[in-house]
Amino acid sequence: MAIAKLAAMRSKDPATQVGCAIVNKENKVIGTGYNVIKSIYLGFPVGISDDDLPWTKGSPNPLENKHTYVVHAEMNAIINKSMNNIEGCTMYTTLLPCNECAKMIIQSRLSEVVFLHDRPVGNWSYDATRKMFDLAGIKYRQFKTSLESVVINFA
């Protein structure tokens, strides 16, 4: 989870920084992702600058909302993994995946999703995620820890 949290710190999204790490059965990291603009493959689609599209939400015009354009951390981790087959792997993500990411997780045959922050029941996107995970047999759980932080000492 620390790697997912570290990946999230790279996001330039002013409202929601999400990070993700996929690990294989030996707990080796095989993919990471985060929601950020201006990168080779992360955030907005390849080649689109952070100045070209909005990072805001709430406009009645969908073309002025980030959700129309952003590629989520979970999708980026799946797309940019270092292995072809991630069946049976575990995804650690800082936020319960949305329904669109849940579809990719299921199609990729990941076996488990561990998330740091939950979304309340009653939000249709996250209710759909839970329903699809249940129907597909994907294990999912909230990450529990007594640690408040992880310190990295570069000395």
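From the backbone N, Cα and C atoms, a Cβ is placed for every residue, glycine too.
Listed in TrEMBL for this protein:
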type	residues	note
DOMAIN	1-140	domain 'CMP/dCMP-type deaminase'
BINDING	HIS72, CYS98, CYS101	Zn(2+) binding site
ACT_SITE	GLU74	active site, proton donor
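Take the recorded positions HIS72, GLU74, CYS98, CYS101: by the count of other Cβ atoms within 10 Å of each Cβ, the lowest one is CYS98. Mean pLDDT across the domain 'CMP/dCMP-type deaminase' (1-140) comes to 88 in this model. Sorting the domain 'CMP/dCMP-type deaminase' (1-140) by DSSP state (H, G, I as helix; E, B as strand; all else coil) yields 42 helix, 27 strand, 71 coil.
Taking the mean position of the Cβ atoms of HIS72, CYS98, CYS101 as the Zn(2+) site, the remaining same-chain residues with a Cβ inside 8 Å of that point are ALA73, GLU74, MET75, PRO97, ASN99, GLU100, ALA102, MET104. Cα separation, CYS101 (Zn(2+) binding site) to the residue listed as 'active site, proton donor', rounded: 6 Å.
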